[in-house]
Each structure stands twice: as structure tokens, then as C-alpha cells.
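What TrEMBL annotates here:
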TRANSMEM  15-35  transmembrane segment
REGION    53-85  region 'Disordered'
COMPBIAS  62-72  compositional bias 'Gly residues'
DOMAIN    176-211  domain 'EF-hand'
DOMAIN    222-251  domain 'EF-hand'
DOMAIN    255-290  domain 'EF-hand'
DOMAIN    302-331  domain 'EF-hand'
Amino acid sequence: MTPPAAATAGRKSPVSVLIVYVVFALIILLLLTSYSPRPGPRGRSIHRRLKLHPQKPAPSGAGEGEASGGNGDQKKQHHAAPFDPAVAELERRLEDKEWEREHYRILHGGDGEPDEHMKEWEEFLKEDEDFINDDERFNLAERIRALFPKIDLAPQDGFVSLEELTNWNFEQSRADQLHRSAREMELYDKNGDGIISFRDFWEQHDQSHGEGNSLGFPWWKEEHFNASDADGDGFLNKAEFNDFLNPSDSKNPKITNLLCKQEIRQRDKDGDGKLNFEEYFHGLHDHIHGYDDENADISHIGNITVAKERFSKLDRDSDGYATGESINGFL
């Protein structure tokens with residue numbers, strides 16, 4: 001039976017429906033591709049504004065290693081070094097301004113106050129953040145192109161490996177550390193000859209902290225100063241002073257040996273100058289276990305098993321004890 005003409009006329013053909021959908025989809029696609037967030041100054045999106053994170057300096061005279069305990073562990077807040085040395089330089093400049101303001105009286109003597117321009121730290125911060133968010137003055141793509149060959153070193157194959165990135169980040173952290181140590185040394189190097197004696201250090205440290213405040217920081221002992229004196233001339237240069245402030249990062253064997261002896265001294269409950277398993281398990285092993293991601297969630301029994309396995313490696317002569325010499329290279 002032939003359908004009525006009215007019904008046939010009111011029905012849309014599949015081709016017409018398809019055309020409508022295609023046109024509608026094209027309109028939506030055009031709207032999506034033409035939309036972009038409102039750009040900030042000189043074209044960079046305000047949603048991508050970069051921030052600087054300069055580290056606030058410690059109180060007057062409290063050197064980089066002030067938070068070091070008897071084992072030389074750093075207990076200060078972690079500060080990640082910037083990936084780009086250009087950004088690191090901006091942060092260091094900001095830190096230096098604030099550091100000089102905090103230490104003005106020690107550096108310049110007397111009871112004077114810092115100049116007014118030294119108090120405008122937030123303004124300096126804003127200016128530098130405006131700089132790194134300006135595409136014309138600080139182009140991110142160009143910075144990546146400039147840094148890539150400096151990171152791609154071993155081998156230079158046009159790719160950046162995890163090891164190469166790790167080495168790069170370590171170098172940036174090391175540069176930050178050396179800069180802060182050199183800045184801190186200015187407090188103690190009064191004649192500007194680039195070296196300080198223990199007397200120079202202790203007089204300024206005692207003046208800044210007072211006798212009472214000096215207690216409780218075993219790292220400020222002369223034996224630690226002498227261990228940092230790699231060439232044995234009785235003075236610390238900038239590199240040696242950096243080791244003094246950051247003993248845990250030092251490669252100086254005299255400092256490493258002293259740290260190992262300190263570990264034994266701190267954990268040795270019976271005073272025999274070495275660690276039995278119980279002293280190791282409730283002291284040194286607990287300390288190491290806290291930083292061991294691989295075995296962080298094992299049970300107590302499993303922890304004892306791991307501890308015995310590690311202790312057996314320290315007990316080189318199988319006499320049931322670990323010594324400062326045996327833990328050297330393990331910490």
C-alpha cells in the first residue's frame with residue numbers, strides 16, 4: 001500500500017539529517033579551537049604565571065649547619081634548587097638582599113639600620129617574577145633549547161636520561177649550597193682574606209648566639225672544624241667551610257670518618273666503642289630504615305630479618321660487633 005503523500009513530505013531524508021549534524025559539529029569545533037584564556041602581559045597566559053621561591057635566611061649568625069645534630073643530619077626545611085640556573089640566580093639575588101638586611105649590623109658594625117631600599121623585598125620579588133613571566137625577555141622554549149645540550153652529556157645522543165637529569169639537579173643543588181656557604185662565610189671572615197680560623201668562627205658564633213645558645217649543637221666543636229680542614233693549614237677556605245656547614249654532603253674522608261665515629265658514639269649504650277646487634281637495631285638501623293622506601297612497610301618480624309642481614313654486612317670479622325670503620329661507606 002502506498003503511504004499518504006502528507007506523511008512522505010513530512011519525513012526528513014537521512015542525508016539532510018547527516019548534513020545538519022556535520023554542520024553543527026563543525027560549529028562546535030570552530031568555537032573550541034578559537035577559544036583561549038585571556039593572555040597576560042606580552043602573551044603568556046595568566047594561568048601559567050611562574051613563581052620564584054627564594055629561601056628566607058636563617059636568623060643572624062645561625063649558619064647553614066646550625067641545625068646539624070651530632071650526626072651531622074640537616075633538620076632544616078628542604079629547599080629544592082631551581083632547574084634553570086637563570087632562575088636560580090634570580091632567587092639567590094633575592095636571598096642575598098634579605099640576608100644582608102638580616103645581618104646588616106654584623107656586616108657593617110654599630111647599631112645602624114639598613115637602607116630603605118633593602119626593606120623592599122616584596123617589590124624585588126614582584127619585579128623578578130614579572131621578568132620570568134615576560135615571553136620577550138624570558139622565553140621558556142628558548143631556555144629549554146639552551147639547557148638541553150648542557151644536560152645531555154653522557155652520552156651526547158640527543159636524548160636526556162634519568163641519570164643525566166639526576167646529575168643536573170644535583171649540580172644545581174650543589175651550586176646553591178656553595179653560594180649560601182660563601183655568603184655565610186662573610187660573617188666570620190672579617191679581614192676578607194678568604195679563610196677563617198676556628199677562633200674567628202667561634203668568637204663570631206658566640207657573639208651572635210651567646211654561651212647558652214651555643215649548647216646543644218655538637219657540630220660546633222673544634223674537632224669538627226679540624227676535620228673540615230682538608231689541607232691541615234689551620235684555616236678553612238670556602239670549600240672547606242662549606243664542608244663544615246654541610247658535613248653529610250662532604251666527600252672529605254676526615255669528615256666521613258668523624259661522622260662514623262659520632263654514629264657509634266651516639267648509639268653505643270654500654271660504652272665499649274662499638275655496636276652489638278641490639279644497639280644497632282634500636283639506633284642506627286631505625287635511623288636508616290626511615291629512609292628506606294623499599295622496606296618501609298614491612299612487618300616488625302620482617303624488619304628484624306632485614307636488620308640482621310644488614311648487620312651481618314657491617315660485622316666484617318663476625319665477632320658480633322659493628323665499628324666506625326665498618327660502617328664507613330654504608331651510611
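Numbering starts at 1 and runs along the chain as displayed.
Glycine too: its Cβ is placed from the backbone N, Cα and C atoms.
TrEMBL: automatically predicted annotations, no manual curation.
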### Message
Within this structure, do the domain 'EF-hand' (302-331) and the domain 'EF-hand' (222-251) have 3 or more Cβ pairs under 8 angstroms, counting pairs 6 or more apart in sequence?
### Response
no
### Summary
DSSP composition of the domain 'EF-hand' (176-211), residue counts helix/strand/coil, works out to 24 helix, 1 strand, 11 coil
### Query
How do the residues of the domain 'EF-hand' (222-251) split into helix, strand and coil according to DSSP?
18 helix, 1 strand, 11 coil
### Query
Can you tell me how the residues of the domain 'EF-hand' (302-331) break down into helix, strand and coil by DSSP?
17 helix, 1 strand, 12 coil
#### Entry: Confidence summary (mean pLDDT) of the domain 'EF-hand' (255-290)
84
